[in-house]
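As given in TrEMBL:
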- 50-419: domain 'Aminoacyl-transfer RNA synthetases class-II family profile' (DOMAIN)
- 125, 126, 127, 152, 168, 172: L-histidine binding site (BINDING)
């Protein structure tokens, strides 16, 4: 532990206001007052030979802390501008409070040793403690924010920002309200904070659990697999569709047909237009649950238009290339034809891509377009080759038209003139 000592008499001293006084009254009075003699303070700390940090944690130097403070101040000003008040909760909770609240992620909760007959765990997020706080205090309406550390027993990936200890900034509006009004304000707050922090282009993704559950139902997912399949679908931001599908089929026992149907839906992106399109979808329209979620989603986007945030509240990708079209094939053994058409488009001044596999699956090619923001797909098949046409697919709407090969380049230029 730190020990301050007087260099004049080598006695340990304690810091008391402006004076340094000996910790024992028997010490010579010559050390009684700081001004009576000159001395220095030495700080001795017992350290292990090679100090280190626990995995998934880090130190923050003064410069980093100054940046964090400015970021937090920006966030808190926004929360307060919207009339929020703050609370705090313990860093650990009773284990029974947290158990079973996070599905498969419950295995990532840090359990503590038995403390006087209580089984405790470090908080995994700020939401469950907030729910416990509301229930204990019988609070039915509150607009609150909470900024604090949470803990997850995850495999850390420091270079990708995955830590075992990190901050969460929560904002919640609890209570009974008309649908989508509080939700729209929450999205407005996210928009304001990210804009004020000047982080560059960003995209706010929104979803409704009723839409997801309805989609699973119409795709043939058994009821008892909803939560586990949902957990896998959540990994699409980090993994390719092929990996996600493999996990659903090979590890979680979902049929390949059901997985392919899910793949068609989760690759779709958009805002109010997507909600309207799904309401007209032959399968999704059969689910009352999905229709209820989609109707509320349309209402949400109407409020977001009033809040002037609809340019960000969608699932549109931030494009890093200017590719106009992906040349794809619907059947096997068409690599030469794909390469030949790609060359024709390049020669015509079209920015085109082709997947570097001999026999890529069509779904994989379409998924690449979704992920990269490529607006069009030129699809070749045996029938198209016989007819001298190319099937031109609009990625966003999934509409397809046959275009003669001679007119393809001009049609692509016309359709991507504003991209």
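Keep in mind that glycine also has a Cβ here, set from the backbone N, Cα and C atoms.
The Cβ of residue 152 (L-histidine binding site) lies under 8 Å from the Cβ of 105, 108, 109, 110, 124, 164, each on the same chain and at least six residues away in sequence. Here L-histidine is bound by 125, 126, 127, 152, 168, 172 per the record. The longest Cα to Cα distance in that group is 22 Å.
Residue 125 (L-histidine binding site) is surrounded by 17 other CB atoms, counting those within 10 A of its CB over all protein chains shown. Remark: of the binding-site residues 126, 168, the most isolated position is 168 (fewest other Cβ atoms within 10 Å of its Cβ). The domain 'Aminoacyl-transfer RNA synthetases class-II family profile' (50-419) scores a mean pLDDT of 89 in the predicted structure.
A C-beta separation below 8 Å, combined with a sequence spacing of at least six in one chain, links residue 172 (L-histidine binding site) to 127, 130, 142, 143, 144, 145. In this view, residue 127 (L-histidine binding site) is surrounded by 16 other Cβ atoms within 10 Å of its Cβ, with every protein chain counted.
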